[in-house]
Amino acid sequence: MTGRIALLSLTLFSPLSLASTPDGQALDFTHSTIGYAALLIFAIAYTLVMLEEYLQLRKSKPVLLAAGLIWAMIGYVYQQTGSTEVARQALEHNLLEYAELLLFLLVAMTYISAMEERRLFDALKAWMINRGFNFHTLFWITGWLAFFISPIADNLTTALLMCAVVMKVGGENPKFVSLACINIVIAANAGGAFSPFGDITTLMVWQAGHVSFLEFMDLFLPSLANYLVPALVMSLFVPHQTPSSIQEVVELKRGAKRIVVLFLFTILSAIGFHAFFHFPPVIGMMMGLAYLQFFGYFLRKTLARSLAKKTAIAMAKNDEAALKRIGSVVPFDVFRSISHAEWDTLLFFYGVVMCVGGLSLLGYLGLVSEILYTEWNPIWANVLVGLLSSVVDNIPVMFAVLSMQPEMSLGNWLLVTLTAGVGGSLLSIGSAAGVALMGAAHGKYTFLSHLKWTPVILLGYVVSIVLHLLLNHQSFT
């Protein structure tokens, strides 16, 4: 049993993720030199990923190299056994999985980048700053906004936006910054758990067809409880002070609100293709990219006329500041927004997909699946997945589960979606939002400051699981 637990830990603590093999005569290399070498390469690669902040080494680099080495070894051993076609089919299958993920995320990131370029998030930040809220009110406002924005935007962007407000208003109060950042991380992760667009893990579960778009809403109340339980406790310790008033003026660029509407239509297109035609949602997302491209064309073609009107108004009012802003206007370019996508993250996903493809073909994921989902009760296995995601990034953990293809009820698929999404809140290093805020609020929000509240966050984790088991018990049959 000890040996199996060790193998389980080693497997899940490396980026074993998103790959699965098609039907074919895959060979078992779990007890071979090649298999052990693959595990060692994964362990080293993931160690480097975890040390990204300290080494200043982008996380995509080690997993890209690991993927190449693993598949080179697989190619060699399958060539020796005369089964090259099996390995090639597995490789192509995983490349297709990655292509769907890449294009979907690229469109979503492009829209978020376009909203940032049109200053939509800057305007939201300025609105909160100008209201002169006290620390207690700001604690709740940033938390609620993080919870409700992250299902549409990604939780990382949401967390960074809310943290910018906290640092701008209360940066001189370390206690408030620490509590507010913890609250934001919990809220962003919890909010992302009940929407396919809120987190990469929920997106993958949706694309795999295990949970429909509307069925994700069954996780709303458990996710809400996951946020509210620790937030209510922490709010008792927030300083009851009012920071000095700051006035900040932000003018939205032309087309900002219409881009939000186009993004909503893009989401509806993705849902429609998946619901009505059973096509991959990425088809609707790519169609949505065309919406943005044509709108960008419209903005460029009408820019001169728009600037002429604004210039005439500014000259009539003798507004020098407005004239200066008009003179610095840069035409909207959708390809600039595409270039601002998080390419390190997208390449990291490639490494994760191919690494797990190799592990799956070598037989390790089948072995781990046997331990987790056959010998254990799936409910306890899914609770463990959430705890693992507090140490290991939830993306490789969830991709590993998807690659195992366990036979589970809808309730258990919802449970693993919930736990993988919110489990990362237990530690600051457990989610991209937490890691990013440690950098944005350096010295004020730290690993140790988050760790002090882990028992309260764990209480919220347990309450959310129990609430899901009670409210959605019919989906476990």
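Each Cβ is built from the backbone N, Cα and C atoms, and glycine gets one as well.
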Query = Does the record in Swiss-Prot have HIS278 and TYR364 facing the same side of the membrane?
reply = yes
Message = If I count Cβ-Cβ pairs under 8 A between the transmembrane segment (221-238) and each of 182-206, 282-299, 345-362, 379-403, 455-472, which range comes out on top?
response = 455-472
Key: Chain residues in Cβ proximity to the transmembrane segment (155-171) (below 8 Å; excluding those fewer than six residues from its ends, i.e. six or more beyond)   = 112, 121, 124-125, 128-129, 133, 135, 138, 142-143, 145-146, 149, 177, 180-181, 184-185, 188-189, 191-192, 198-199, 243, 246, 248, 431-433, 436-437, 440-441, 444
Query = For the transmembrane segment (379-403), which recorded stretch in the set 282-299, 345-362, 414-438 gives the largest number of Cβ pairs separated by under 8 Å?
reply = 414-438
Inquiry  = With helix taken as DSSP H, G or I, strand as E or B and everything else coil, how many residues of the topological domain 'Cytoplasmic' (172-181) land in each class?
reply    = 8 helix, 0 strand, 2 coil
Note = The correct DSSP tally for the topological domain 'Cytoplasmic' (113-132) reads 16 helix, 0 strand, 4 coil
Ask   = Do the transmembrane segment (182-206) and the transmembrane segment (282-299) share at least 3 Cβ pairs under 8 Å, sequence separation 6 or more?
value = no
Query = Looking only at the topological domain 'Cytoplasmic' (300-344), what are its DSSP counts of helix, strand and coil residues?
reply = 33 helix, 0 strand, 12 coil
Note = Taking every residue in the topological domain 'Cytoplasmic' (52-60), the average pLDDT works out to 82
